[in-house]
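*Asks:* For 39-154, the entry in Swiss-Prot reads domain 'tRNA-binding'. For 404-483, the entry in Swiss-Prot reads domain 'B5'. The Mg(2+) binding site feature in Swiss-Prot is assigned to D457, D463, E466, E467. Swiss-Prot lists 694-790 with the feature domain 'FDX-ACB'.
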Amino acid sequence: MLTPIPLLQRFFSSPLSIKEILQACDRIGIEAECSNVFPDSLNTVVTGKVLSTSPHPDAERLSVAIVFDGKEERQIICGAPNCRAGIIVPVALPGAKIRNALGEVTTIKKSKIRGLESLGMCCGADELGFPHLQTGERGIFEFPENTPLGESACLLLAGASLECSLTPNLGHCASLLGLAREISFLSDTSLTIPEEFSFSPLPQESHSCDTHNLEASPVFYSVKISGLSWKQSPEDLQASLIALGQKPLNAIVDITNYVMLSLGQPLHAYDSQAVDQKSLHATTVRSPQQLTLLNKETYTLPEGALVVADQHNILGLAGVMGSAASAYSESTTEIILEAAYFLPQAVRKYQRTIQLHTEAAYRFTRGIDPQGVLPALYAAIHMIRALFPEAQISPIQKIGEYKSDPLSLNIRPKTLKRLLDLSLSPSEIAEKLSPLGFQTIAEESSVRVEVPLYRHDIQEETDLVEEICRTTPFVQKTQKILPTYTPIYALKRSLSTFLADSGLQQFFTCSLLDSEIAALSLQESSLIPVQNSSLKLRDSLLSGMLKSAATNLNRQAPYVYAFEIGNVYSKEHNQYREEEHIAILLTRQVMDDSWHVKTPLSFYTIKSWVEKLLCHAGVSIEDFVLQASQHPNFHPYRQAALYHKKQLLGVFGTLHPQLCKKSQIKHDVVFAELSLNVLLSLKKKTEPHYVPYPIYPSSSRDITITIDKDLPADLVRRELLSFESKWLESVHIVSVYQGKDVTSQSKNISLRLVFRDHERTLSGQEIEKEYERLTTLLDKNLANIGKGNS
């Protein structure tokens with residue numbers, strides 16, 4: 001946003017220096033810089049005030065001036081006829097280089113003129129490179145009375161401007177008034193409204209309209225103005241618009257643009273001849289409509305789009321742009337001027353649909369001040385009346401009423417302490433927020449805050465904490481080192497370091513997938529693409545990683561060992577969810593450099609990586625159950641799902657051959673994807689501790705049993721471990737057999753039970769007795785194993 005300093009200064013009760021304005025912008029959170037750059041030699045030409053003058057004792061045409069340059073008083077010998085006490089002039093300090101009357105560059109030095117010391121020079125505009133600003137007889141340039149002292153004179157002469165980059169939450173600063181209001185809160189000045197925007201109310205008439213959409217446009221004003229003609233706006237208005245970055249067009253359009261850029265309220269003028277019954281309102285489109293806008297482009301407005309219309313025709317897309325058919329033109333003698341409050345979401349949705357970005361849409365989509373609609377309309381009407389004295393103004397037509405109460409929030413000292421480590425009482429918090437335009441009531445343990453209607457960015461307690469943060473000097477802020485990361489961040493950092501140290505490369509792929517990459521997945525997504533785009537949010541890390549792996553392999557990478565940590569999105573029961581996942585992808589054959597043997601990738605390769613990952617995360621593999629899964633992206637017989645009770649942690653296995661073919665990868669790919677949110681919830685908080693090596697021997701016994709072929713052998717192993725036994729140390733699966741002498745619906749599994757006592761050596765009789773007890777319990781419970789597990 002281009003912001004001319006002279007225009008901005010008019011909104012301050014006392015002028016601020018450019019440095020003070022830039023410092024205030026930094027505290028607001030606005031990236032701002034001065035757009036005019038001059039040679040260093042001219043940076044020492046500053047504004048100064050002539051305090052007194054007296055005739056030179058030895059020169060009739062010279063005077064001795066005492067000038068204050070913002071820092072100190074200095075004596076300057078001046079020959080300009082207009083040098084007098086009280087004026088503010090450009091003062092070239094020693095070291096500055098200016099052009100003299102002959103056009104030669106002269107360096108200003110401390111010198112003596114006719115016996116008196118001169119510590120600088122009072123300059124004319126032409127001597128600083130601005131001859132077009134020099135008026136009348138040759139003399140020194142005079143600045144306005146409220147010009148701050150010590151400022152760069154060249155910046156002021158050039159009409160210095162700020163280039164401001166506004167973040168989306170600073171929509172209330174997208175005008176001279178809004179920016180000046182925020183700067184005044186954070187500096188030693190107060191906000192004042194220039195006379196050109198201070199007008200008394202005008203007559204109004206309220207009326208209703210059955211088709212007006214009060215939800216999307218709570219209040220809508222329109223006024224008929226006749227007796228107009230086509231003409232250009234005055235030079236000073238054109239100059240102001242140019243300084244604001246707008247091209248002057250004609251008087252009416254220039255006024256609406258100037259009011260919008262100054263006060264933040266978009267306005268639009270319609271040719272009255274194009275408006276049926278001279279009445280406007282905001283309504284929604286019931287079916288798709290074609291509309292040609294002012295830019296001569298034709299757009300298809302979707303059903304539900306908010307538009308400005310009369311009784312029969314659509315005259316513009318509300319908050320974005322008017323139609324070409326209703327545009328103000330050279331033949332227009334009567335207009336209907338519209339000013340309204342449109343809800344940000346009502347404008348944002350359909351403005352994005354047609355991909356049209358305008359100055360009006362920029363402000364409406366971020367939220368305007370609903371209390372500023374009528375004052376902006378008054379300002380435009382009075383400016384039009386000043387340019388067209390014969391114009392006739394009809395009473396303002398009003399539809400609706402903005403009745404929304406200000407948002408009320410509570411801010412607690414303990415929240416401030418937790419987030420900023422600032423210890424403030426409720427009364428101190430209220431003192432910090434009140435100067436920012438908030439209405440505050442300090443209570444016993446909190447502060448009740450009413451948010452101004454123009455602050456659409458303040459929605460919760462943490463937003464108020466941010467307001468206090470930006471008004472607190474750095475020297476008062478905490479010396480305590482706050483936690484640098486959250487538990488989920490610590491887990492991500494730990495796992496990424498572990499996997500990188502294990503030889504895997506980290507991938508970073510985009511959360512938005514185009515149709516080509518999204519099509520790599522065989523799973524149907526529950527998310528729909530972004531409007532007017534083939535992009536959609538990913539529901540898995542797989543597609544992006546596959547695309548990256550294929551790119552690396554096509555560039556002759558011998559293999560791809562990679563992992564990624566990122567967000568995935570899903571929709572369940574009309575609720576959108578965002579989770580953080582971690583994925584591992586391994587493809588192509590792996591070469592063991594020590595033996596030069598190629599080891600094929602398999603289901604068990606990725607299973608071992610999952611086990612190592614869980615172990616490093618501080619989660620025991622014993623806490624999980626492996627179950628068969630039917631995920632469409634995996635080989636139907638080489639995949640598994642990992643569950644903790646009924647909670648799914650993730651899936652892993654060999655990818656489906658068809659998926660590899662679609663990705664143009666000729667080798668097997670194994671893949672695992674786990675939920676970091678679930679993993680964090682299961683992470684044990686105990687610190688690692690030392691377990692001594694056993695000094696007494698163990699003894700093992702094997703057992704072979706027949707179970708249902710669909711029952712996982714691991715469930716039987718876990719069942720044995722669940723029995724209370726002070727000697728059973730571990731249970732291992734030795735073999736699983738299906739074939740001869742075993743029915744087609746059954747399988748044999750062999751388990752090895754390891755017994756040990758850490759205080760003595762067990763006897764064979766003790767082991768046999770414990771073995772018999774455990775196998776008897778297993779026989780009794782065998783029928784119930786697997787029931788209730790999912």
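Cβ coordinates come from backbone N, Cα and C, glycine included.
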*Asks:* Using the recorded Mg(2+) site (D457, D463, E466, E467) as reference, state which further residues of the same chain have their Cβ within 8 Å of the centre of those residues' Cβ atoms, listed in sequence order.
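*Replies:* Filtered neighbour residues, in order: N169, R455, I458, T462, L464, V465.
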*Asks:* Neighbour count first, Cβ atoms within 10 Å, every protein chain included; then name which of D457, E467 tops the list of binding-site residues.
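*Replies:* Top count of Cβ atoms within 10 Å goes to E467.
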*Asks:* Who sits close to D463 (Mg(2+) binding site): which same-chain residues at least 6 apart have their Cβ under 8 Å from its Cβ?
*Replies:* L409, D457
*Asks:* Which three-state DSSP class does D457 (Mg(2+) binding site) fall into?
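*Replies:* Assignment for D457 (Mg(2+) binding site) reads coil.
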*Asks:* I'd like to know the mean pLDDT over the domain 'tRNA-binding' (39-154).
*Replies:* 85
*Asks:* Using DSSP, how many residues in the domain 'tRNA-binding' (39-154) fall into helix, strand and coil?
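*Replies:* With helix first, then strand, then coil, the domain 'tRNA-binding' (39-154) has 11 helix, 49 strand, 56 coil.
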